[in-house]
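Worksheet: one structure, shown below.
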Amino acid sequence: MLKNILLCSLQISLLGMSLGGNVLIWPMEGSHWLNVKIIIDELLRKEHNVTVLVASGALFITPSSISPSLTFEIYPVPFGKEKIESVIKDFVLTWLENRPSPSTIWTFYKEMAKVIEEFHLVSRGICDGVLKNEKLMSKLQKEKFEVLLSDPVFPCGDIVALKLGIPFIYSLRFSPASTVEKHCGKVPFPPSYVPAILSELTDQMSFTDRVRNFISYRMQDYMFETLWKQWDSYYTKALGRPTTLCETMGKAEIWLMRTYWDFEFPRPYLPNFEFVGGLHCKPAKPLPKEMEEFVQTSGEHGIVVFSLGSMVKNLTDEKANLIASALAQIPQKVLWRYKGKIPDTLGSNTRLFDWIPQNDLLGHPKTRAFITHGGTNGIYEAIYHGIPMVGVPMFADQPDNIAHMKAKGAAVEVNMNTMTSSDLLNALRTVINEPSYKENAMRLSRIHHDQPVKPLDRAVFWIEFVMRHKGAKHLRVAAHDLSWFQYHSLDVIGFLLACVASAILLVAKCCLFIFQKVGKTGKKKKRD
């Protein structure tokens, strides 16, 4: 009897394995990897087989053997971890030193172009590491993958998918001014009311704001055309036919966008764009004993959680002391993720940690506020738990993210470059003491939780959907098949203008003919 039960269990187990899909991952570094890793874990839980392509010089992606269904294919590239770390560091410093503003915009783009060129060199090394590795490509071909999940920030995932003859899905937070979503994904972005990403604008724009928004879109379009155009020849050579980066990216079956309407302003989107913002969020777990004891000493005042993310390791002594001085003046206890020199002005209410369980702290009932750099992952954890924020944005989408939270009444912003100790102190007192900030944060939290399907389940559903149906062509808009002048109906407008011009010309000719006839008749009568 026991033997039969064991055999039955084994058969069910094998059946589950056979029904599992075969997923290939083309990942991106940093926080992008953290989001994809959450999806991978859920795919593994649902008994899919997952293979992750990892460059030998990867910085954040650490191969692990958490499951026999998870495989890391490590391929050689002509650089080490130091190179990727250097590019990331240059990117952050360039943004910190030249944060886009009307007075610094051209300097910013000039300096950022250099960093992007360096990024392209690294990306090309990664592409070559896979596409020119015949042994690896042959092995991948034999694995019979059913779908590839890619982060479009790193090019070539789409090429790998097309080479293997499988559909691919994108996981994306944003591209500058949504150039990729707009030009490659064909999503409409009316500049009259849809703020360009990185513009720090909202959907409530004055005339001046709309001018600024329009210019922001055009400038980012220009940047995309000039800095990413070089990939067109690479894609053409790799695929063996004339094509472009954008045309190839447009073949993505589904775009998993890492935001949701608790964060975004209302705007048009397409049916193959799915929102999965906050897929990494989860209920808080108990804190480590020592940390919980410190939190409990806060009494009725509660705690403040402070983190500038993983990209900023430390601050200048002056800035650290300025911050510590402000934190020392609030009655709350503060848990600060910080690895630098201990500030001289550090108060007895503040404790420093190399690392903090951020999600668990934000979900703690004693948490009153979150001081954040404005990364999307951190903001979503605050939304999930209904915690008001003090934003200290520094680079990339962070200023834009905080602008969204300010517009929704859940955050106050301070400028890292110009803030004083009193600025930070006043911002903290505002979000802690004014009830509207907590109320708005809770409203966003309720919106986030009130979804028919959880973000992570939605992401996995669409990956499985594409595997089941070999794609999602029924969701692909016909705009992909049109040229740019057809898309904007310029041929139709030209035809109609020609018709109107022809009609006007015909009427004018008729009038002239009639006038001439009448004139001749009048002259003839006078002569008679």
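Residue 1 is the first one shown; counting continues down the chain.
The backbone N, Cα and C atoms fix where each Cβ goes, and this holds for glycine too.
Some features that Swiss-Prot has for this protein:
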{"type": "SIGNAL", "residues": "1-21", "note": "signal peptide"}
{"type": "TOPO_DOM", "residues": "22-494", "note": "topological domain 'Extracellular'"}
{"type": "CARBOHYD", "residues": "Asn49", "note": "N-linked glycosylation site"}
{"type": "MOD_RES", "residues": "Lys135", "note": "N6-succinyllysine"}
{"type": "CARBOHYD", "residues": "Asn314", "note": "N-linked glycosylation site"}
{"type": "TRANSMEM", "residues": "495-515", "note": "transmembrane segment"}
{"type": "TOPO_DOM", "residues": "516-528", "note": "topological domain 'Cytoplasmic'"}
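Geometry remark: Asn49 (N-linked glycosylation site) versus the residue listed as 'N6-succinyllysine', CA distance 21 Å. Listed recorded positions: Asn49, Lys135; maximum Cβ neighbour count within 10 Å falls on Asn49. Mean predicted confidence for the topological domain 'Extracellular' (22-494): the pLDDT average there is 92.
In the three-state DSSP assignment, the secondary structure recorded for Lys135 (N6-succinyllysine) is helix.
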